[in-house]
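Quick look at what Swiss-Prot annotates:
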- 29-92: repeat 'BIR' (REPEAT)
- CYS62, CYS65, HIS82, CYS89: Zn(2+) binding site (BINDING)
Amino acid sequence: MFPKINTIDPYISLRLFEVKPKYVGYSSVDARNQSFAIHDIKDYEKFSNAGLFYTSPTEITCYCCGMKFCNWLYEKHPLQVHGFWSRNCGFMRATLGIIGLKKMIDSYNDYYNNEVFVKHKNRVYTHKKLEDMGFSKPFMQFILANAFIPPYRKYIHKIILNDRYFTFKFAAHLLSFHKVNLDNQTTYCMTCGIEPIKKDENFCNACKTLNYKHYKTLNFSVKL
């Protein structure tokens with residue numbers, strides 16, 4: 001879960017001020033709960049208790065400071081993340097107090113830095129592996145944009161270990177459910193990501209021949 005715009009303030013202001021929520025309609029926890037409940041989202045209470053309400057499938061917003069967060073659905077610690085990025089939010093100050101907010105930020109800081117570092121390192125390493133395997137740049141960008149979202153994470157771990165079988169399995173599994181026009185005009189081969197193919201096909205002629213036996217071993221149906 002990350003803010004759409006990085007406005008992090010390294011200091012916690014000690015000044016007193018009257019809190020004026022930017023979205024008054026979501027000041028109550030019931031209103032925030034309802035914003036999630038109507039979209040059939042599970043375990044939404046942790047988000048509404050953190051002062052956040054549902055905006056879209058890719059975005060939630062703090063009713064008080066107005067900060068918008070993306071990549072939120074699988075976040076386990078929304079209160080800590082909210083406080084980490086919006087340290088002078090009136091809701092966070094009222095909920096935890098200045099001392100409590102500072103302690104929470106200090107305890108979360110190590111976890112956050114380690115988590116971000118590991119993900120960044122894996123993305124860089126994975127990008128290099130995909131490049132070495134001959135995947136096209138737009139294809140790699142598409143893979144990395146979805147790679148760390150469950151249930152695809154297990155395939156990325158195999159890519160990091162340079163297992164070409166699982167790289168192909170991941171790419172084909174992902175694209176078989178999401179028919180993608182990578183440049184909005186051309187559809188590329190699901191296997192190599194390089195050769196353009198017709199709209200009603202999934203693989204180029206070379207990959208159809210080379211990978212026929214390979215795709216027969218997979219656990220899902222792929223049109224050859």
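Note: Cβ is positioned from N, Cα and C throughout, glycine not excepted.
On the structure: features taken from Swiss-Prot.
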{"residue": "CYS62", "record": "Zn(2+) binding site", "DSSP (3 states)": "strand"}
{"residue": "HIS82", "record": "Zn(2+) binding site", "DSSP (3 states)": "helix"}
{"residue": "CYS89", "record": "Zn(2+) binding site", "DSSP (3 states)": "coil"}
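Of all the binding-site residues listed (CYS62, CYS65, CYS89), CYS62 sits in the most crowded Cβ setting, with the most other Cβ atoms within 10 Å. Listed in chain order, the extra residues whose Cβ falls within 8 Å of the Cβ center of the Zn(2+) site residues CYS62, CYS65, HIS82, CYS89 are GLY51, LEU52, CYS64, GLY66, MET67, GLY83, TRP85, SER86, GLY90, PHE91, MET92.
Computed over the repeat 'BIR' (29-92), the whole-number mean pLDDT of the model equals 85.
HIS82 (Zn(2+) binding site) has a Cβ environment of 27 other Cβ atoms inside 10 Å.
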